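Here is what Swiss-Prot records for this protein:
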| type | residues | note |
| --- | --- | --- |
| REGION | 1-63 | region 'Disordered' |
| CARBOHYD | 44 | N-linked glycosylation site |
| CARBOHYD | 58 | N-linked glycosylation site |
| TRANSMEM | 137-157 | transmembrane segment |
| TRANSMEM | 167-187 | transmembrane segment |
| TRANSMEM | 204-224 | transmembrane segment |
| TRANSMEM | 234-254 | transmembrane segment |
| TRANSMEM | 263-283 | transmembrane segment |
| TRANSMEM | 293-313 | transmembrane segment |
| TRANSMEM | 368-388 | transmembrane segment |
| TRANSMEM | 406-426 | transmembrane segment |
| TRANSMEM | 446-466 | transmembrane segment |
| TRANSMEM | 475-495 | transmembrane segment |
| TRANSMEM | 504-526 | transmembrane segment |
| TRANSMEM | 541-561 | transmembrane segment |
């Protein structure tokens, strides 16, 4: 497989890069597909007379083939343009074992590239960039709903913790393991699913993931003991987490720089709105029935998504699309020589292990750009799951909201929506400057993060210091603070993700998998100590600690705005734009 050199400028909008996929394989758009079937060559070759000195049987056949190709300049079966003379390979058969059965060696075939299929120019309707807008919008909705179902499954379990503690006679931290193990599954699986999607395509990975996710949620809902619940929760997260790494890569497949930022914005909202929306829905479910219906609801939702992906989602991975095109042409023409470049990829077990496990991890710890951005992103993601424990402490224990105590989460969603609109507007400004200057470095994606990095610690400190005094301060005050926190969550997460994708475009799935691996680890760990920290230190001082950490990370986007291009220039994987 080939990839763009890290020292060559890359313009996502440039015609020569229009067909680049977010994978390790490049496809060069071309309008020509030359087909020389071996049976045709033999047929034509048999009409050529041998005018040279006496040759061996094999040499005569080879010479005949070469003469046939030169003498039969004709129209291709595939395109009605004249086919140029192909380059014929010369093969030394002297050291080869016999064919068997007394048969001579077959004639030498032309260069393999003559048979390679490509996209038919930048306007090829087969290319995902050129799919109808209605089709791409439908696929985006399906993929975003898939992400929401996965992330809702992580936090909806929190509203059933009290019932689980009573039924199975365990302390809350044991029940919270149901959340931790689920999110640990998020951390474990993307490093496998994302590179696999670059080898075998997006569709198969998403179909398997959505089916397995629905299956294991039904298993949790029907489990008879706590051990089964915990094991099935882990596998639900492990199998279901593929969209968290594959969906951004699928969006990169379908959209160029003009639209990609907006599509990733929708994905980010799905990742963050799901965990916040789930407790609001779950609180109403547990008020009227048992915790098992929390899992039944997610399982039914996931089943509907599985059906939608199975019947409506088309393969978007560019090299995999060309593989399908080659198979169709072989079937229609009978020419077994037609192939896609991606079909020539032969991976050993070692190479598969490197591409599915070690590469994302190696990238994470050897790429300073990816590591620093991921640490910041992971801290923000951990805060998201920490709030699942902090909000009940403030509003249920402090303000006495024992019924519908999860409603203040809605302020977080409002803040996220406001930030989504802000980033959408900033993306329009990004594109205006992109067209004016003829290109922008990926660091330009970090500008919204500068604002969000300041707003985020304000929201945390506001929430914790006002929520610590429920007898003096009205509940609406810490509730409003949630809008600032939600603004910061999306405003930091989304530019980080866009920056990673723009910087590692050809291997975006692996880069996102590395990011998902670390941030899911943070998301799994934070709920375990959240209760002890807020109850032990007090809501105010726990918030002070988190706020100071958030303040310490404010300079991160500023540093990359200044030093990012130089870091990428020295990178093994990132583009030097």
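Backbone N, Cα and C define each Cβ position, glycine as well.
In terms of C-beta pairs under 8 Å, the stretch of 204-224, 293-313, 368-388, 504-526, 541-561 lying closest in packing to the transmembrane segment (475-495) is 368-388. Under the criterion of 3 or more C-beta pairs below 8 Å, with sequence separation of 6 or more, the transmembrane segment (541-561) and the transmembrane segment (234-254) do not qualify as touching, having fewer than 3 such pairs. Annotation: stretch 293-313 has the most Cβ pairs under 8 Å to the transmembrane segment (204-224), among 137-157, 293-313, 368-388, 406-426, 504-526. Take the transmembrane segment (446-466) and the stretches 234-254, 293-313, 406-426: counting Cβ pairs under 8 Å, 406-426 has the most. Two recorded stretches are said to be in contact when at least 3 C-beta pairs lie under 8 angstroms, sequence spacing 6 or more; the transmembrane segment (504-526) and the transmembrane segment (263-283) fall short of this definition.
Among the recorded stretches 167-187, 263-283, 293-313, 368-388, the one sharing the largest number of Cβ pairs closer than 8 Å with the transmembrane segment (234-254) is 167-187.
Counting Cβ pairs closer than 8 Å and at least 6 residues apart in sequence, the transmembrane segment (406-426) and the transmembrane segment (293-313) reach fewer than three and form no contact.
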